[in-house]
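Copied from Swiss-Prot, the annotated features are:
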{"type": "BINDING", "residues": "GLN190, HIS197, THR198, LEU199, VAL200, TYR205, HIS210, PRO211, SER212, TYR213, GLU251", "note": "S-adenosyl-L-methionine binding site"}
{"type": "BINDING", "residues": "ARG247", "note": "substrate binding site"}
{"type": "TOPO_DOM", "residues": "1-16", "note": "topological domain 'Cytoplasmic'"}
{"type": "TOPO_DOM", "residues": "34-41", "note": "topological domain 'Lumenal'"}
{"type": "TOPO_DOM", "residues": "60-69", "note": "topological domain 'Cytoplasmic'"}
{"type": "TOPO_DOM", "residues": "88-92", "note": "topological domain 'Lumenal'"}
{"type": "TOPO_DOM", "residues": "113-131", "note": "topological domain 'Cytoplasmic'"}
{"type": "TOPO_DOM", "residues": "150-154", "note": "topological domain 'Lumenal'"}
{"type": "TOPO_DOM", "residues": "175-212", "note": "topological domain 'Cytoplasmic'"}
{"type": "TOPO_DOM", "residues": "245-284", "note": "topological domain 'Cytoplasmic'"}
{"type": "TRANSMEM", "residues": "17-33", "note": "transmembrane segment"}
{"type": "TRANSMEM", "residues": "42-59", "note": "transmembrane segment"}
{"type": "TRANSMEM", "residues": "70-87", "note": "transmembrane segment"}
{"type": "TRANSMEM", "residues": "93-112", "note": "transmembrane segment"}
{"type": "TRANSMEM", "residues": "132-149", "note": "transmembrane segment"}
{"type": "TRANSMEM", "residues": "155-174", "note": "transmembrane segment"}
{"type": "TRANSMEM", "residues": "213-228", "note": "transmembrane segment"}
{"type": "TRANSMEM", "residues": "230-244", "note": "transmembrane segment"}
Amino acid sequence: MAGCAARAPPGSEARLSLATFLLGASVLALPLLTRAGLQGRTGLALYVAGLNALLLLLYRPPRYQIAIRACFLGFVFGCGTLLSFSQSSWSHFGWYMCSLSLFHYSEYLVTAVNNPKSLSLDSFLLNHSLEYTVAALSSWLEFTLENIFWPELKQITWLSVTGLLMVVFGECLRKAAMFTAGSNFNHVVQNEKSDTHTLVTSGVYAWFRHPSYVGWFYWSIGTQVMLCNPICGVSYALTVWRFFRDRTEEEEISLIHFFGEEYLEYKKRVPTGLPFIKGVKVDL
């Protein structure tokens, strides 16, 4: 796993990431530059170059690696916000850009606050997997092609709003799960129990056994509903369902090993929260 070479003072990564995320989001001021006489593309290129030069001047590795990622996500959020308020058929893609950047940035920020011992550059989840990258690129390609050839398909506002609500619900549920689990939450399934590892059954974990997966499940499908992507909408639903089916089974094998009868009792009374997924089968 990629990570920080030296451990900084507690909370410094969170503050650094927040400051540089906001710095990237300051691209929202770009319309002011265009009014001052700069052309849109020229202004954008100069802005990006200026941001990168500033980060190179202020930070050295490994802090630069944190800063450049957070700043990039802030930049995407700012561009998405500008696009959201534009009078174009791409406005809903702006919603998507904001949702995507906030998801990845908040994964890092919450981990930095909640469980700094497990924090690394991988906490941004930007390099989650090849499959994740291919899925994202496919959704962008589908939106672009359909927006060119069937633009009316991208103007179903009520459907995009439904997708946005799914995204907000999924994001809030996942972050609530991360905060509730505290130091017990980790982006990687653990095969060895740490001394501080406890079974969390309160809060959102009293509703679902895997609330962070439930949140991510509805968030990912919601992004495609928001984009009015019929092909990726169906393929995302099937793919993430299969992924979380396998993931919950893998995780529950470890949890049963860690907590034994305590987890089995919890498993009996609380559902996974994922449709048609019951978790690992246990022969008693």
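Just so it is clear, glycine is given a Cβ too, placed from its N, Cα and C backbone atoms.
Sequence-distant neighbours of the topological domain 'Cytoplasmic' (175-212) (same chain, 6+ residues past either end, Cβ-Cβ under 8 Å): 1, 106-107, 110-111, 114-115, 117-118, 122-123, 125, 244, 247-248, 250-252, 254-255, 257-259, 262-263, 266-267, 270-274, 279.
For the residue listed as 'substrate binding site', the Cβ neighbour count at a 10 Å cut-off comes to 17, with all displayed protein chains included. Of the candidate ranges 42-59, 93-112, 155-174, 42-59 contributes the most Cβ pairs within a distance under 8 Å of the transmembrane segment (17-33). Between the transmembrane segment (213-228) and the transmembrane segment (132-149) there are at least 3 Cβ pairs closer than 8 Å, counting only pairs 6 or more residues apart in sequence, which means the two stretches are in contact.
Here the transmembrane segment (132-149) sits apart from the transmembrane segment (70-87); fewer than 3 CB pairs are under 8 Å, leaving out pairs fewer than 6 apart in sequence. Across the fold, the C-alpha of THR198 (S-adenosyl-L-methionine binding site) and the C-alpha of ARG247 (substrate binding site) stand 20 Å from each other. Here S-adenosyl-L-methionine is bound by GLN190, HIS197, THR198, LEU199, VAL200, TYR205, HIS210, PRO211, SER212, TYR213, GLU251 per the record. The longest Cα to Cα distance in that group is 19 Å. Cβ atoms under 8 Å from those of the topological domain 'Cytoplasmic' (245-284) belong to residues 189-191, 193, 197, 199, 201, 205-211, 213-214, 217 of the same chain, restricted to positions at least 6 beyond its ends. Mean model confidence of the topological domain 'Lumenal' (150-154) amounts to 95 (pLDDT, 0 to 100 scale).
Within the same chain, the residues at least 6 positions away from GLU251 (S-adenosyl-L-methionine binding site) whose Cβ sits under 8 Å from its Cβ are VAL189, HIS210, listed in sequence order. Cα of GLN190 (S-adenosyl-L-methionine binding site) to Cα of the residue listed as 'substrate binding site': a span of 12 Å.
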